[in-house]
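Q: This structure is in structure tokens; I'll ask about it shortly.
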Amino acid sequence: MSPKYIKFNNQDYKKIFMQCARNGVNFCDETFPHADSSLWRIKPPVEGRIVWKRCKELTSNPRLVIFENDQLNPDIAQGAIGNCWLAEALGVLAAHPHLLQKIIPQWEKQDWIHSEEPGKKLGIYHFRDTGRHPGIFRFRFYRYGQWIEVVVDDYLPTVNGQLIYSRSKNPDEMWRSLVEKAYAKLCGCYEALEAGSASDALVDLTGTVPEIMDISREEGGILSKMSDEDFGIYMNIAYKNGGLMSCSINVDEGDRPEERLPNGLVIGHAYCITGLRRVTVSWFRNKEVLLVKLRNPWGEVEWNGSWSNRSPIWETVNFHTRNKLKGEVTQRGDFWMAFEDFIYNFSTLVICRHLNTSLFSFKKRWHSVMFRGEWSEGTDTLGGCINNVETFYKNPQYVITVKKPTVVIVALMQDDQRMERLEAFKYLTIGYVCLKVEENRKYRIHEPTYDVTGQVTYLNAREVTGRLELKCGRYILIPSTYDPGKEGVYFMRLFSSRHLGIGLLTRDAPKKKWWYPIVYFRKSYFVGLVRVQVSSANLNKAGGGKTYIQLTFSDMKERNRQSVRVLSTSCNKGTINFGSEYVFYVRDPVHSSLQLRLCKSKLFGKDDFLGETFVPLEKYTGKGGVWTITKTLIKTVKSHGPPGAVPGTIPGAIPDAIPGAVTTEEYQPSTNEARVRKETLSFADSSSTELRSGTSKPTRKRAKRPVKRLVHVNAGEVQIRVSYSKGFLA
């Protein structure tokens, strides 16, 4: 069994802690030295002499985490580098203290212990006294599907005795500075943290699945897809399910980053959403108003519009509700605002969801699977997006088999390679497309003949996430870069509400058997493929229950047979809909054919046979193209007739029989009459159907006794679409 986390640089926290504590020395991390190489590679962060100091040298009472009224202090001060994205993510995390255990495992046992605390003077606690603590801490980050534990010492860079990077506004609290140092070690140096997005940091800190939405009514915006009310419900559900939400105002052309607007909001800052509530306003005939509670991680400026802390509109709410809601915004930077003002002022919403994949849980469980791959010239997978028709299908392809309608969340992440691209750091523009393919597809596709059932907008971001709502069938998911010829490494996570069959397609066509050249000398293995779509079946006699068609393809004089079962999707008054498509590889087009047997499933016993038909494919494989074929379903039943009658006919009953017609006769001994029905088959080039019924004259002699005979009955008709392609790549 693989470990729950990977030890970065193979450093074991417990062993190092005990070794340093027993020897009475401070831990000094040689893998992340106290030198300029750990700070920068291109440009120094600040001017002046940088000195690395231990936490106990910065304050006499260092603490890893400090709680105030069971809440973390939300205020944070940004450092000398432009990593506000990480500081904002730490601010969002401070609003959810229960998630700290993921990043700081057993933080209570890592913290400094002071000797004056009763019962904390012996054993391991003795080594964690402020003066004896070896200064070693561990933090965990989620990177490309794995949790990585990073060990750091407590030396922090300072100038003139002040920390030069992110810190808490409480000088005794150290977890923000130490988490930032561990993250810088993971990325290579502090300068590697320059530029990023809050969603990327939240994913690395919590392992959640991000969803980025544009709050606008323009095409592609979330408000163009759903109403304001539905969007509010969507946010409320995400919050109740434990989603981490942040929002920001985009910096447009002409705007200044960090500029404070007249309403108190700051352009470019990420605000944490910490609650949603509905309140009843008496001024508007008991109208309900949705309020959004936000927090500014910097804790300096707040919203000053409607529903702000000093807004007079609070007087419209009853006393109990007013005091309760105002009591929830006691921290600096916390405020309420109306949902209408929220969607008007903010531009982007980020929701990071923790999807439950645990087997032992009473909550909704998601099934997950992860893949790692690459777009490289060596593997010939530099296809680009679907606009590049000639190269798109060179990209990696993943087949998805859906047996029941399900929701699939796909998160595609690329390797940022911060250290390798410090000078010109830029993400690739990535995305993915989902195509509906044949139900029995086992090999890669190569032609643009398939319908797009879902796709995500291509973005030059580290991770793009989208949602697919898939019906029963088989699909192919193709991740790619937008431009062809771009190399990169990707990591893809798929979460589904039901169990799915997912795998990577590597073969282009069936592999030739070793014995084939010996048995079939000088004959091609495959010369083409046939795609068959069963559209519908119309029965003369309506019936319920689950129906299916046993579809059998054969060629080489039936020596090569391939059979599949086509399940019905719906049945309405004798019309059975299928809509499934299948592909068959052809060796001998001249002698190829299709057989369709319509049956009804039974819980016990043998399934009921409803009819069958036979389709020779010689005329279609020779011409190519797409053909729509309507065929009559024939059912053979037992009937009774006079002695000596030839099975299938009654003498003198059909004087003008049409050659090749299917004849049905029903003999009734009581009236000595035979009702006759004649009809012609329907082909793609001849879809006419002729029905003639009548009553023959009664015979003079009565039958002494009926005899059993086989009769071919017209059970209905079936419609299929057939296409043939030369070559086996399609």
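Any Cβ shown, glycine's included, is placed from N, Cα and C.
Whatever TrEMBL says is automated annotation, not expert-curated.
Take a look at what TrEMBL says about it:
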type	residues	note
ACT_SITE	C84	active site
ACT_SITE	H269	active site
ACT_SITE	N296	active site
COMPBIAS	683-697	compositional bias 'Polar residues'
DOMAIN	26-355	domain 'Calpain catalytic'
REGION	682-706	region 'Disordered'
Q: What residues, ordered by sequence, lie under 8 A Cβ-to-Cβ from H269 (active site) and sit at least six positions away in the same chain?
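A: Long-range Cβ contacts: C84, E88, S248, I249, E258, N296, P297, W298.
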Q: Over the domain 'Calpain catalytic' (26-355), what is the model's average pLDDT?
A: 84
Q: Using a 10 Å radius around its CB, how many other CB atoms surround N296 (active site)?
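A: Other Cβ atoms found within 10 Å: 25.
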Q: What's the number of neighbouring CB atoms sitting within 10 A of the CB on C84 (active site)?
A: 23
Q: With DSSP assignments reduced to helix, strand and coil, which class does N296 (active site) get?
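A: Once the DSSP labels are grouped into three classes, N296 (active site) ends up as coil.
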Q: In the three-state scheme derived from DSSP, which category covers C84 (active site)?
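A: The residue in question, C84 (active site), is helix (DSSP, three-state).
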Q: With H, G and I counted as helix, E and B as strand and the rest as coil, say where DSSP puts H269 (active site).
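A: Note: H269 (active site) is coil by DSSP, not helix or strand.
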